[in-house]
Amino acid sequence: MSNEEEVLRIAKKLDKMAAKKNADNALDVLNVLKKIQISYATLKKTRIGMSVNSIRKQTKNEEVAVAAKQLIKGWKKLVGNDEPNGNKKPEPRKSDDTEPEISTTIQKEKQIERSNSTSSFEMDTSATLSLTNNPIRDKCREMLLRGLIADGHSGHSNSRCTFVAAAIEEAIFVEFKDTGTKYKNRVRSRFSNLKDAKNIGLRMNVLNGVVKPEKVAKMTAEEMASDEMKKLREAYEQENIKDHQMAVNEGTKTDMFSCGRCKGKACTYNQLQTRSSDEPMTTFVFCNDCGNRWKFC
């Protein structure tokens, strides 16, 4: 197997790891890659740089991240150089389109670390977040952008993500006209809901334009909630409604039950089917003496 074929095989393996978000064996694969002599042509043809960079961005393993960075740093030296085979002349670069894939990878390596610095936020060489020269606002735009790309772009370009993040922040700032506590809390709540892995529907609707940035800026927690959370809240509301109805209805008087609070037996009760039809009914009991309520199946 030639070096190029081996590199291509490794690239596919790394791509599968990135797609499955499982980089358990990535360090072993990267160590094998280090031992292979890779030419400029191989870098360009196999796009191995993009595969390695995908693993670097996903992994939480420091050793894997360091190994990936070292490989990319070494390959940077090959960019723009002649092929090892001296019989071939380098092709002239007529435009940006002729830049090798590894060039993009090296540019990504220069991204700003997600720290307190807010002077710039570069997602890649083609899209930059629009900044305001206000450190707090710029940091909030970065935060919203991270929420929008929490699980990748999901088919959307960097420019689309950066535009939406800036538009949401702009709408929030226009509403509050300052960067005080209310402004910051509003941004944080948008970020939390957008990055929620269980709330991908909200993120997609925002990026697809179904929900406009101006609307996102004003949405309540209930409106932004995931479908799962909405169903849970609805279930709680239904239970509260039933409890309220039980309190209003007179029920059937009985002395069959003993109140756990006052030990009295003057009670009224109702029975409702709160679960599936094949399950026993739930009995709701009200003590007429002390007002205590309880239920059982």
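The count begins at 1 with the first shown residue.
Each residue, glycine too, has its Cβ placed from N, Cα and C.
Feature annotation from TrEMBL assigns compositional bias 'Basic and acidic residues' to 85-97. Summarising the annotation, TrEMBL assigns compositional bias 'Polar residues' to 114-126. Sequence annotations record features per position, and here TrEMBL assigns domain 'TFIIS N-terminal' to 5-82. The domain 'TFIIS central' feature in TrEMBL is assigned to 136-252. According to TrEMBL, the domain 'TFIIS-type' annotation covers 255-295. Annotated region 'Disordered' per TrEMBL: 77-126, in sequence order.
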Exercise. For the domain 'TFIIS central' (136-252), what's the model's average pLDDT?
Worked result: 83
For this session: Could you break down the residues of the domain 'TFIIS-type' (255-295) into DSSP helix, strand and coil, giving a count for each?
Result: 0 helix, 15 strand, 26 coil
Exercise. Of the residues in the domain 'TFIIS N-terminal' (5-82), how many are helix, strand and coil by DSSP?
Worked result: 58 helix, 0 strand, 20 coil
